[in-house]
Structure formats: C-alpha cells, structure tokens
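J.: Under the heading region 'N-domain', Swiss-Prot lists A:1-105. Look at Swiss-Prot and you will find A:34, A:87, A:159, A:161 tagged as Mg(2+) 1 binding site. Annotation comment: Swiss-Prot describes A:71, A:159, A:232, A:234 as DNA binding site, evidence class sequence analysis. If you look up Swiss-Prot, you'll see A:123-254 marked as region 'I-domain'. Per Swiss-Prot, Mg(2+) 2 binding site is recorded for A:180, A:182, A:234. Per Swiss-Prot, the feature region 'Interaction with PCNA' maps to A:337-345. Swiss-Prot lists A:353-384 with the feature region 'Disordered'. Annotation comment: Swiss-Prot describes A:374-384 as compositional bias 'Basic residues'.
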C-alpha cells in the first residue's frame, strides 16, 4: 500500500514540505477523508483481543463502526468538517497488487490455523490482523453512519484517495486525509496524516505541502510520479535494486524513466518484462474522480434517532453511551460555529526566523515516523 | 547586532505573561522601528500583536532586521528571574543562536546574564487591514477582567452588545444566565471612565476562554479598548505607556444555520 519509503525520502530530502500541526489547529477546516483505508485500519485494531473483534449479538463485526463513530465525533467536536470518500472499483492495474495481497492474506490464514493449533496467542493476534478483509457491507454500513451524522459522503468512481485529492485541488476542502502516501502522486495540494489517529496516542497531524515537496526535491509533478513508480506503488512492479534514494537520483539525472532505461545496467538491475509504468503514470495523472465542478458540500446536524436506531438497535451498541456522546456533540455545536481568523483577514503568510536552530522533526513515531531527520541536513545539499 | 535596554524591566515580564498562554513558540521581529511580534494560537481563532517602539527603550540598536524564534514559556522562565525593579537589556548577534537577557539591580550591585537558545521556526502572519470600527469602548481593564472571569463561571461564550447607552455582556449556561451592563461614565478620574464611541450598535458573540487569556495583559494598562464591527473580529487593545501596545484579535462565533456554506 502506498509508496515504499516515500515518507523517509521526503523527511531526508524535502523536510520543508512536512509540518506538524495540532489537532485543534484544524478547527473549521474541511477535510476529505479516505474512508476506505481507515475502515481497514479500524477492523485491524479497534476492540481487538487475539482473534476476537467487536461484534454485535449476531456475531457481525462492528469494529469499523465503533472506530468511525468515536473518531468522527472527535473531529466534529473539534470543529473539523470531514467529507468521507469511499473506494469504488479498483483500477484494473491494481490487479497484480490486489492478487498479491490476497495471497498474503491466504498465507496468513493458513498460518493462523497452525498458530491456533499451537495455541500461540501472540501469533494468533498478529496473523488474524493480516486476514482482515473489508467487504462491501462494511463500507456501506460506515457510509450509512456517516450520512446519519450529517456528513457529505462520496463513493469514488475509482480510488478514494484520488477523489480526495481532486476535492482538495478544486479548493472544496483544505486537505486530503489518508495514511496512504500515494495520495501525493495525485498532486493533492495538502495531505494530512494522523487525523484519524486515536486521541490517546496524541499524535500531531502531519501535513504535507505538495508545492513545497516538488520545490524541495527539485522535481516536476511528472518526475515525482516517476520517482514514486520506481520506489514501488500499487499499480506496477518496481526495478529490483533501485530504492527511493536511487530512484530520486536517477530521475534527477536522466529526467524520467525512459531516460533511466537508456542508461541503466540491465544486468545489474533487471527491468520487469511487462512493465506498465506508462499506464501507471496515466492513473496518477488522470485518475477517475468525482466531478467537482459546481459541487457544494453540506454538513447538517446529526440525526440522533437514526444513529441510535442503527448503532444500538441493529449493532448492539450501548445506547446510553451513544446518546451521551451525541449530546456532547450537540452541546459543542449549540455554541455556534467558530471561524478562523483567516476567514476575515485572508490567508496567512509564513515567516521564518533569521537566526537560531531549526528544530528537527520528532523521531521514532510509528513505523513511518519522520526518521533520520538528523541526516537530512547534510544530505539535502548534496548535488547529484 | 541587536541591543535594547529597558529601564522598567518589569514591563517586559508583564508583556510576556500576557502572551505566553496563547502562543507557545513565536517569532520576535527586531527592526529600527522596535521590538514586535505577531502570533496566532494553535487553532487560529485569536491573534496577538505586540509592539514595543524603539524610542521607548533607554537604549536601542538594531543594525539589521532580525527575526528571532523563541519558546515563550522558556523565555518567561528566564524573565521571571529578573527582579521587578531590575533594568533588563536584550542582546543578540546577527548570526548567533542565542539571545541574552541581562538583569541589573537598581543600585547596580547585582548583574545577571541569561542566555536563551533561539529557535528557527516558521510562524504564520496575517495582513490585518486598517478599518474603521463601528463601536469603540474604553473601560477600566480590571473591570473587563472581572467581567470575563465572572461570566466564564456561568457560560462558555459571551455576547457583547454595544449601544449608545452602554455595553452589555451576557452569557447563558447550564445553571442559568447572566447580564452585566456598563454605562457610559465620564468620571473625573480618567482611569475609571467608561467611554463609548458609536457609529452603529453592534452585537457579537465570543468564546470566553480566549477573552480570559487576553486579560492577562491587565497589569500592563489601566484601560482596555474594545473595537467591534459587525461580522468582524474584535480588537482588544492594551496601550503600554510611551512604548506601544499589546493587541488581541478574536474571531466571533457565528450562528450555525445547520445548512453549511460552500467552501
């Protein structure tokens, strides 16, 4: 999923495009959220213990609803205006990647059986996370919940993150929110990560600015896409032996993948036989997205009764708890909306200190944390 | 080279107390004009603008414009080490990465040097247009502080209505509601006066949390000035005698009409 090693590459070579923002800092901001990706995350972690997931009395999984409900309410209470975008049909190009994922899942399933026989609890938990599958029903349930909560919901014609990026490009939202770094390949002006992280982790929102990213890497959008394809994306294979750092180096040196192929030592770096990188480019450049012309986004008050009937009636959630959370939200809403100062005075300009030391990005936050910040200073200046 | 000597050192301490709750890290701008700052709170609902004019310092030198990033709570920690009667001098090199605060006791028998590490940070600035406001209220700053504090024990927001008779502060909460009206009052003692200048009546609602943190500037000035216009942020200004000002801007609450607007 996503682009392999891109976060690290950016933190090393274009640290200026990444900014940590406080969750409260997103007040009154409209954000397009890649919901499909988040459902998957919730199914993996929310309410899980061992192989067990949250379910209702009928045994249907409800982790995704629990996750969506709490995280959505957290955003709404903070005055954030989310738009949910769901995956449509996967692009045919993704077939290879999807088949790989399916294989992995099946491998995990058979390993899980073994672990169960052996009774290894840790293994069971680890493997059962890998067997998570998001069905159409799960997405539709979350869509239903989002509509009851009064949020705009879109079903993307194709990949959700492409539509998120399109909404952001059209100026309908401030940022696209996804953990999937390939959202940047769709040239979303702003990408926000960790927006849906649980409040207990206290992760700041990590914001990527696309213009600064290109400026920092000294690439054009087309070149950036080529770098991402070389790093490894969902749509096609990459060249074995070329990692993110080399990908950046070669694209800068040769301009694009074609240029690289002319010069590449094909003995050392075997190029995949059937390598549809040109088609992958098209998918990033001209993805199928929701039509944004003349589109307006509307948020309405949550339909409390509908939410309760759905979550508590059908899905065995605790009614008192749901009602209390909805009441909290209502109270927060009743105090009226709060605009940001930019609404009145126009966009802010950024001013940097002329002296002093730059604080390095915090390290070791999760798997894709902005690691290696220290190295970046020396490396960014190196000329290829 | 930047150097500024302030005989009334306690002023700088008070200035810092007035902004450090709102902003964590900020860029200070040093120029020939003076020592200034503009910063927003993390949710970008309020803004503070500070100006200490160069002519207000006993000695002021700024060879080149500088923007110094500081962590305000660390700066405040250092300034708290200065005595209230101390003379404070700030010093920084054009290329260094520290700012030095020197405290001299009034009788010159104790001199302290504190060096604060500077930070290279990005701060966001807004271009605030000069506007004529529909209503201007001048009132004792301690009175304003008291009102904000009292009302925040009842509700979370305050509605401020200015008419030619006076200014009314009202709030509603779970336990009930409260209204406080201050009438125009031109008493002999200037610091006790409440003066209203009005083009047209204005009513706006604000989050009390922010107003309460603005009133941390109360020790800086006996009078506070509120400026309001329909659908615009309020300006809360504290004038620092012979030096400049601390000004706060706060975006008003808006009625949620349930149907949202286009972006």
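Glycine is no exception: its Cβ is also placed from the backbone N, Cα and C atoms.
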J.: List the Cα distance (Å, whole number) between residue A:71 (DNA binding site) and residue A:34 (Mg(2+) 1 binding site).
T.: 13
J.: Report, in whole Å, the straight Cα-to-Cα distance of residue A:182 (Mg(2+) 2 binding site) from residue A:159 (Mg(2+) 1 binding site).
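T.: Distance (Cα to Cα, whole Å): 11 Å.
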J.: Validating a neighbour-count step here. Other CB atoms within 10 A of the CB of residue A:182 (Mg(2+) 2 binding site): how many?
T.: 24
J.: Tell me the Cα distance separating residue A:232 (DNA binding site) from residue A:34 (Mg(2+) 1 binding site), rounded to the nearest angstrom.
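T.: Residue A:34 (Mg(2+) 1 binding site) to residue A:232 (DNA binding site), Cα-Cα distance: 21 Å.
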J.: According to DSSP, which of helix, strand or coil covers residue A:34 (Mg(2+) 1 binding site)?
T.: strand
J.: By CA-CA distance, flag whichever of A:87, A:161, A:180, A:182 among the binding-site residues is nearest to residue A:232 (DNA binding site).
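T.: Nearest in space to residue A:232 (DNA binding site), counting only the binding-site residues, is A:182.
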J.: Whose Cβ, among the binding-site residues A:34, A:87, A:159, A:161, A:180, has more other Cβ atoms within 10 Å than any of the rest?
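T.: Selected residue: A:161.
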J.: Including all protein chains displayed, how many Cβ atoms other than that of residue A:71 (DNA binding site) lie within 10 Å of its Cβ?
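T.: Other Cβ atoms found within 10 Å: 21.
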J.: Let me spell it out: take the region 'Interaction with PCNA' (A:337-345), skip the flanking residues so only those 6+ beyond its ends count, and list any with a Cβ under 8 Å from a Cβ in it.
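T.: Residues packing against the region 'Interaction with PCNA' (A:337-345) from afar: 27-29, 79.
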J.: Between residue A:182 (Mg(2+) 2 binding site) and residue A:161 (Mg(2+) 1 binding site), what is the CA-CA distance rounded to a whole number of Å?
T.: 8
J.: Just the number: how many Å between the Cα atoms of residue A:161 (Mg(2+) 1 binding site) and residue A:234 (DNA binding site)?
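T.: Checking the Cα atoms of residue A:161 (Mg(2+) 1 binding site) and residue A:234 (DNA binding site) gives a distance of 13 Å.
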J.: Using a 10 Å radius around its CB, how many other CB atoms surround residue A:232 (DNA binding site)?
T.: 21
J.: What other residues of the same chain, not counting A:34, A:87, A:159, A:161, have a CB atom within 8 A of the CB centroid of the Mg(2+) 1 site?
T.: A:36, A:37, A:85, A:86, A:156, A:160, A:162, A:163, A:164, A:178, A:180, A:183
J.: What does DSSP give as the helix, strand and coil breakdown of the region 'Interaction with PCNA' (A:337-345)?
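T.: Each residue of the region 'Interaction with PCNA' (A:337-345) counted once, the result is 4 helix, 2 strand, 3 coil.
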J.: Can you break down the region 'N-domain' (A:1-105) into helix, strand and coil residue counts using DSSP?
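T.: Across the region 'N-domain' (A:1-105), DSSP assigns the residues as follows: 55 helix, 19 strand, 31 coil.
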J.: Please work out the number of neighbouring Cβ atoms within 10 Å of the Cβ of residue A:234 (DNA binding site), leaving out its own Cβ.
T.: 22
J.: Any idea what the Cα distance is from residue A:180 (Mg(2+) 2 binding site) over to residue A:234 (DNA binding site), rounded to a whole Å?
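T.: Just about 11 Å between their Cα atoms.
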